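Below: the structure, in structure tokens.
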């Protein structure tokens, strides 16, 4: 400003918010003038942050400190203090405040947690007091009802004593005897039901024992070399070894061995990408092995890591016979992989032509009903 005019720093300090909102403080006054103005200014943390943000564009961090160090900032709460320190650290480059700010933030969180816990405890206490009041009110009501009940019973006893009608008493007795007989019948029925339940439990126990014996007998009927090989592959075998082993079983047509191998979990052995032997058999077009695995109750819609089913692998590799069989065996066509693709998005053109109807524009539309 011109040296011939002496600014009214106190007035400017009282109205400094207008200069900050318009962003013209550092364009209007020199640093020395701003220093004098700051003595009379009373800023909120937000005003102070805006002032420092504007000053960081117009001058250096040292000059920012020089002209704002005597500023009055209205701190109303803990968060205002942290906000102000953050502004000073950011625009005055005071990294010395980092640990202080972190400590204050941690303290603030602890205070907030304590306040929340206290509020929760007060809420729970209020709820308990309300519940206590309701219980006491209910108790008073129950005591009143009990007194009324006692009065009624007393009156009834008096009436029965006055009436002394033999027929009424006998009728009541008959009713009681009838109820007692009903109770006896119910107890007798309960005894019968408990007896039947015990018999049922014994039958189930016998069935479990028989199934265990049958399973043991079936295992004993299989060659020891086969069982040892299954155990070896189950514990340490690779997918390729499992594939070759199960393929050999399917070639021999021994479905009993196949069922046992799958029951022991060989079909769950996974390859690098999460595929099992059914995925590989479908992709390779090994229809014989696919059929044998499905008949051994292997899960037909098992997913690899990419969300592909054996049906998707067979469709992608153009193995039409396998596609037909899996569809016939109940494989679900509408499964989407991890990228949201369906069967028609990954299948070859030949497969799509067989299982989808084309629309007028040449796109693949609704599913065909395959001949089974």
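Just so it is clear, glycine is given a Cβ too, placed from its N, Cα and C backbone atoms.
Copied over from TrEMBL, here are the features:
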{"type": "REGION", "residues": "127-218", "note": "region 'Disordered'"}
{"type": "COMPBIAS", "residues": "133-218", "note": "compositional bias 'Basic and acidic residues'"}
{"type": "REPEAT", "residues": "273-305", "note": "repeat 'ANK'"}
{"type": "REPEAT", "residues": "306-338", "note": "repeat 'ANK'"}
Seminar exercise, completed: Taken over the repeat 'ANK' (273-305), the predicted model's pLDDT averages 95
Exercise. In the same chain, who gets a Cβ under 8 Å from the repeat 'ANK' (306-338) while lying at least 6 residues past its ends?
Worked result: 273-275, 278-287, 290-291, 294, 300, 346-348, 350-351, 354-355, 367, 370-372
Problem set entry | Secondary structure composition of the repeat 'ANK' (273-305) [DSSP: H/G/I, E/B, coil] | 17 helix, 0 strand, 16 coil
